[in-house]
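Asker: What Swiss-Prot shows for this protein is this:
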type: ACT_SITE; residues: E842; note: active site
type: COMPBIAS; residues: 12-23; note: compositional bias 'Polar residues'
type: COMPBIAS; residues: 74-85; note: compositional bias 'Polar residues'
type: COMPBIAS; residues: 87-97; note: compositional bias 'Acidic residues'
type: COMPBIAS; residues: 98-114; note: compositional bias 'Low complexity'
type: COMPBIAS; residues: 115-128; note: compositional bias 'Pro residues'
type: COMPBIAS; residues: 182-200; note: compositional bias 'Basic and acidic residues'
type: COMPBIAS; residues: 908-939; note: compositional bias 'Polar residues'
type: COMPBIAS; residues: 954-963; note: compositional bias 'Polar residues'
type: COMPBIAS; residues: 972-981; note: compositional bias 'Polar residues'
type: DOMAIN; residues: 614-678; note: domain 'SAM 1'
type: DOMAIN; residues: 760-857; note: domain 'TIR'
type: REGION; residues: 1-31; note: region 'Disordered'
type: REGION; residues: 74-128; note: region 'Disordered'
type: REGION; residues: 173-225; note: region 'Disordered'
type: REGION; residues: 908-981; note: region 'Disordered'
Amino acid sequence: MLPNRKPPRPSPSFQSLNNNNQRFPLRRSLKIAQAHSLPTVPSEDAKDDDLITPELSTDFDFREIQHRYLMALQNEQDGETTSTDDAFFELDDDDDLSSPSVPGSPVDPPSISVPLPPKSAPPCPTQPAPLTNGDLYPTILSNGTPIPNGRITPALSTVSVSLIHEARLQQSLSTPCNGSEEEMHNGQVRKESEYRRFKSEGSTAGASLPAAEKTHMDELSPVDQRSTSGTARFLIQQDSVVNPSTKMSNTEQVAMMHTLKTKLSKYQAMMDKAFEEIAKVEDANIIEGCTIVRKLMRKVWNTPKVSADLANALCDYLRDRDYFDKLIKMFISPNTAACDQVRMECGKVLEECTSSANLEYIVNKSYTKKIMIVAMKLNKTPDQQRLSLSLIGNLFKHSNAVSLSLIETDVIDHIILTFKRAPECPDILRHAALALANILLYTCFEGKKKIIQKKIPEWLFFLASQADDVTRYYACIAVCTIVSVKEFEPLVRKSDTMKLVEPFLQVHDPATFARDYHKYAQGNTKEWLERLLPMLQPSRRREARSVAAFHFTLEATIKKEQNKLDVFQEIGAIQALKEVASSPDEVAAKFASEALTVIGEEVPYKLAQQVPGWTCADVQYWVKKIGFEEYVEKFAKQMVDGDLLLQLTENDLKHDVGMISGLHRKRFLRELQTLKVAADYSSVDESNLDNFLMGLSPELSVYTYQMLTNGVNRSLLSSLTDEMMQNACGITNPIHRLKLTQAFETAKHPDDVEVAMLSKQIDVFISYRRSTGNQLASLIKVLLQLRGYRVFIDVDKLYAGKFDSSLLKNIQAAKHFILVLTPNSLDRLLNDDNCEDWVHKELKCAFEHQKNIIPIFDTAFEFPTKEDQIPNDIRMITKYNGVKWVHDYQDACMAKVVRFITGELNRTTPTTKEMPSISRKTTQQRWQTTNTVSRTGPSRSIGGPRMEPPTPTFTPTGSQERATSTRRKIQPSASTTSDRN
């Protein structure tokens with residue numbers, strides 16, 4: 001007799017198939033064994049709930065049972081009843097049976113009258129043998145591989161046992177028969193238990209109800225959810241373009257539909273009960289009912305595979321039963337104002353239930369602006385502000401006309417004001433980025449123009465600099481949506497936000513990124529993807545193509561789980577992705593190739609970004625790709641490679657290639673110039689000449705290769721004459737020659753020229769510690785740019801090998817140096833006598849070049865207790881005046897920063913009168929030395945040289961307006977990245 005031990009957990013390879021429903025209770029196992037005359041192996045003290053598997057005979061074949069199951073389903077659809085021999089498929093776990101047969105009784109193979117299944121049916125193992133742990137494993141696999149002594153190796157265990165469980169899964173997916181009254185009652189008890197759990201968790205109104213049984217909700221479902229983790233669920237398991245497995249098996253599709261049908265019926269009943277509670281009108285009952293619906297919808301959005309279909313079906317059910325309309329009326333009703341919690345709970349349900357169909361209902365019923373007005377009034381608490389932004393973002397996902405009508409209100413100002421005053425609330429910042437992304441995707445040219453006037457590109461820089469990945473991601477999508485419009489590209493470039501896009505994409509995996517937000521983890525709608533599709537066009541900026549390709553890879557991973565990959569063919573994304581995948585854009589091509597692999601499409605030929613190394617075949621492919629297929633043979637005949645392609649002139653195209661049409665030549669040269677700017681010359685450019693020309697003006701990069709082939713490097717630039725530029729370097733445009741000439745007027749050394757050019761682009765350099773000061777530094781940058789200052793902040797990567805000099809040149813070029821001091825920002829420079837820390841290097845450079853240093857102190861910052869730990873060359877910073885930053889009074893803080901910049905407050909070098917009165921122990925002690933404040937009328941005059949925290953009554957002088965009016969127009973500010981953590 002075998003010991004009564006439970007079998008081990010199945011291997012992960014078939015865990016998603018058996019769904020934990022493949023083990024049978026004792027009674028069911030015995031009845032199945034009796035129905036097929038199979039011997040059983042009961043344990044000595046077996047109980048009803050013990051898990052045990054019947055021992056199968058040598059001639060037993062699971063393919064036969066699988067085929068019988070399919071025949072039973074067909075008969076059921078045709079109105080026929082199955083025979084009693086098919087009891088294997090009709091039994092429930094709760095069926096009561098008599099005592100089992102004796103284990104040693106003779107066994108006859110089951111007689112099956114139906115024909116055998118086709119050869120395409122999955123192979124099944126035979127001759128299982130019991131092991132010491134109570135499991136049954138086959139001694140001979142279907143391929144004839146023998147297993148000595150009935151033992152199975154780990155390598156074979158997954159294959160063989162998964163086949164058994166797959167067969168059992170198909171058995172469990174048959175349409176359930178009408179059970180007995182007792183069974184129906186048991187099912188009702190299960191639903192009641194789950195309903196009570198929703199009602200009791202996290203709600204005070206239902207505290208008097210009996211507590212629900214402590215059972216995980218997944219255990220109450222007829223078909224359990226997959227037990228794989230969220231991370232594993234989104235991993236791309238396909239890294240080859242050969243026969244990609246993009247389609248679900250029939251078993252998985254049946255399981256998915258069964259799960260959807262079962263859960264939908266159960267959740268609809270729970271919705272009805274929740275709204276019965278809401279119908280009682282009392283505030284406590286309304287809150288209780290809304291809490292149940294909200295938690296239910298939150299669970300639905302987290303359901304694997306079927307979440308989108310299940311959620312949309314429940315949203316339709318709410319609308320069809322007038323529940324959705326009732327929620328809207330309670331949310332916008334003036335009577336609800338008496339109880340903010342009722343309005344909040346109604347709003348949270350609307351947040352989860354605003355599907356495309358329900359949004360159409362809102363628009364048709366003219367509820368849009370009413371909901372918008374009420375949502376904008378939710379601004380008292382962080383939870384209200386989060387809900388406000390979430391509802392606003394959902395309302396924009398309808399059409400251009402609706403979006404434009406909403407933009408004409410103060411909604412953009414409301415969004416900016418909400419997240420501007422909550423920089424330390426990740427949820428608010430996340431929903432702000434989501435709202436702006438939806439607004440920009442669902443609005444027309446006129447709407448985008450109005451948004452640009454609100455300085456949204458600058459604010460997107462702040463959102464794209466946050467620690468939360470979802471916030472950064474949707475901020476990148478939003479800014480790329482704006483820059484896709486050619487007319488807005490110059491304005492967006494000035495904000496520096498575009499420089500944050502590709503560095504973010506390069507360190508993230510689209511396959512695992514979607515899980516970070518429950519509602520967006522199941523993908524966006526077809527209409528949303530259609531609006532993103534134009535960003536893949538070759539005429540768009542490189543960053544826009546990269547973020548679009550990233551998102552389509554993310555969506556492909558999700559849609560594959562949902563078996564909805566056809567949507568990409570329907571919207572025409574396949575061809576667009578193939579074009580991007582074959583382009584020289586490294587980041588965009590990488591993600592486009594991944595998307596095509598997941599979808600199951602062939603990845604096209606990939607061109608390298610190192611154009612000088614292209615072969616003749618590469619050039620011919622590129623010529624065909626840009627639309628000049630009729631000239632491919634001419635390029636092949638002339639054996640044009642990457643080197644010759646970069647040196648082609650209009651005369652070469654006309655006489656050697658035979659491109660007679662002048663318009664054809666112009667269009668070809670336009671594509672060639674774009675290629676020259678995007679090309680990577682690092683293999684032939686040792687002096688970083690291309691980087692220098694790009695820093696002066698991106699359009700000068702088209703001359704890089706011809707200058708390199710003629711032996712020009714950075715050290716020779718100052719010696720070039722106008723004639724040499726025109727003849728040797730090929731700079732035929734006189735304006736371009738003038739730009740280079742002006743760059744060398746103030747200095748002859750290339751480094752001095754670079755500083756001189758940077759001084760025309762930078763007013764303020766911001767130094768900060770990335771680990772703690774990133775958010776505050778990015779906020780200060782945006783606020784300064786809005787006041788007309790050109791700001792440098794090190795957020796982008798510098799070229800390898802030139803990091804030190806390039807960063808310090810920006811400090812030399814700037815007139816003002818802002819040091820953002822946040823908690824622990826000086827810890828890494830303590831006792832740094834070798835000047836290895838980057839904040840130390842930056843501050844030392846600012847002192848050496850006598851910059852106007854302005855410290856900005858976070859409220860939690862404190863100077864080190866021992867002053868001698870700070871290196872001597874920067875120790876003077878402890879005696880500098882500065883601004884204490886308080887987020888509630890940002891305008892007052894920034895006004896004081898402007899006064900430091902304009903010189904109205906004392907300059908950076910401390911006076912001898914100030915030094916004796918300075919105590920250097922902590923910032924808090926320094927602030928305790930308050931100054932005398934005299935009030936005259938509504939204004940304040942602040943005396944004394946020490947720092948004072950800004951207050952709501954602080955009134956800045958008119959210097960800000962005077963300074964802004966005299967400043968030059970905002971210019972794009974350079975940026976870089978350093979190891980500042």
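Glycine too: its Cβ is placed from the backbone N, Cα and C atoms.
Since this is a predicted model, take the numbers as computed values, not measurements.
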Asker: Under DSSP, is the residue listed as 'active site' helix, strand or coil?
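Answerer: Assignment for the residue listed as 'active site' reads helix.
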Asker: Who sits close to E842 (active site): which same-chain residues at least 6 apart have their Cβ under 8 Å from its Cβ?
Answerer: F765, S767, L807, L808, I811, F817
Asker: List the helix, strand and coil residue totals of the domain 'TIR' (760-857) as derived from DSSP.
Answerer: 42 helix, 19 strand, 37 coil
Asker: Do you know the mean pLDDT across the domain 'TIR' (760-857)?
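Answerer: Across the residues of the domain 'TIR' (760-857) the model's pLDDT averages 83 on the 0 to 100 scale.
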